[in-house]
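Undergrad: Sharing a structure with you now.
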Amino acid sequence: SGAMAAPRSFSAAEVRARCAQGACLVRCRRRLYDLSGFVRLHPGGEQLLRRRAGTDVSAALDGPPHRHSANARRWLEQYYVGEMEPGEEQVPPAAPGCPGSGPCGPVDEKAADAAAQTPRRLDPRCKTVDVEKDLVDWQKPLLWQVGYLGEKYDEWVHQPVDRPIRLFHSDFLESLSKTAWYVVFMVWAPVVLYLSWVSYTSLAQGNTRLFSSFTTEYSIPVHKYYFPFIFLLGMFLWSLLEYLIHRFVFHMKPPASNYYLITLHFLLHGQHHKSPFDSSRLVFPPVPASLVIGFFYGVLQLLLPEVLGLSVFVGGLCGYVIYDMMHYYLHYGSPKKGTYLYGLKAYHVKHHFEHQKSGFGISTRFWDHPFRTLIPEETFEKED
């Protein structure tokens, strides 16, 4: 769509017909949006959006249950398709399960009149990220451009867009930076199984002892049936590491004057915040991951007797695989309302769209409690 082209106008009948064919069109007063490609990703659940097909969602955006952020309103603008014909927007199409008043409740008369009087200007919060006028050139690889944004980088990177990112000029490097979710499972699950077997059989030989480097007299034998507990300890330590890396490495705020740190931040995590639904950039690519994983393996081997270090390591590696699979699912899955994953998905998407300085736990909120970075529950004042 050309930037100067007049918006296309839609009749209520046309909107109804497209919704009946399975499209998910919603409107804010007279502006019409096609959310068909987004419904599965919606943190509030696909059904919630589908029930609102054809209706005015301007009141629903303010909640309850959820007050949508400025970023969410900007995000909505990416799906703008045109305007309702004048006079047509009063007729709510009867979407399945929607009574006449529409799911947003009774219309506030005064607000509706005020809206009619004000010229149809966009809510300043909704200024969409115009790809043509953006601070970077989206036709070229982004990695070498972002460092020049300086103090504009932090705000820019936290305004998410729904489009794929190209990082490198080189096709080879680009391919190493992208990964389908199942590759992580295929690469690391066999490693977890193999190393678990190695750890367990070594422990079964019965000559592993704790503290033997300090004292032979009081060293403690480690039996093979301790293995599951050591493995679980590794998983628990991973959950702490997940929190610490996400908070202190991925969310370090690079100094505006430092081109290289901004570039590094974008490579590690900024790209994921800029384009949170780029499906090839939601899990850690195995080639760079193996360097990090190798580093932690070395640290554990130095700190603990061989088999113990290996047993803790393999539990941690298992924790990492579960985390990466969950992270993918929190972006792309449609968990059922009321389930653990449904709550986690809403929590993680709030971290992306609104609370970037809190909510660092991904596979669990556990560590957000002691570190005081829990995203607050939303409260709504009772209306008189």
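Placement of Cβ uses the backbone N, Cα and C atoms for every residue, glycine included.
Just so you know, TrEMBL annotations are computer predictions that nobody has curated.
Just lifted these from TrEMBL, have a look:
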- 7-85: domain 'Cytochrome b5 heme-binding' (DOMAIN)
- His42, His68: heme binding site (BINDING)
- 180-200: transmembrane segment (TRANSMEM)
- 225-245: transmembrane segment (TRANSMEM)
- His246, His251, His269, His272, His273, His327, His331, His348, His351, His352: Zn(2+) binding site (BINDING)
- 282-304: transmembrane segment (TRANSMEM)
- 310-330: transmembrane segment (TRANSMEM)
Undergrad: How big is the gap, in Å, between the Cα of His351 (Zn(2+) binding site) and that of His68 (heme binding site), rounded to a whole number?
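TA: Their Cα atoms are separated by 13 Å.
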Undergrad: In Å, rounded, how far does the Cα of His331 (Zn(2+) binding site) sit from the Cα of His42 (heme binding site)?
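TA: Each residue's Cα considered, His331 (Zn(2+) binding site) and His42 (heme binding site) end up 9 Å apart.
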Undergrad: Would you count the other C-beta atoms found within 10 angstroms of the C-beta of His273 (Zn(2+) binding site) for me?
TA: 20
Undergrad: If I take the alpha carbons of His42 (heme binding site) and His246 (Zn(2+) binding site), what is the distance between them in whole Å?
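TA: A Cα-Cα distance of 23 Å.
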Undergrad: Which of the binding-site residues His246, His269, His273 has its Cα nearest to the Cα of His68 (heme binding site)?
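TA: Ranked by Cα distance from His68 (heme binding site), first place goes to His273.
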Undergrad: Can you count helix, strand and coil residues in the domain 'Cytochrome b5 heme-binding' (7-85) using DSSP?
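TA: DSSP classes over the domain 'Cytochrome b5 heme-binding' (7-85) add up to 29 helix, 16 strand, 34 coil.
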Undergrad: I need the most crowded of these binding-site residues: His42, His68, His246, His269, His351. Count other C-beta atoms within 10 angstroms of each C-beta and give me the top one.
TA: His351
Undergrad: Can you count the other CB atoms that lie within 10 A of the CB of His331 (Zn(2+) binding site)?
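TA: Taking every protein chain into account, the count is 21.
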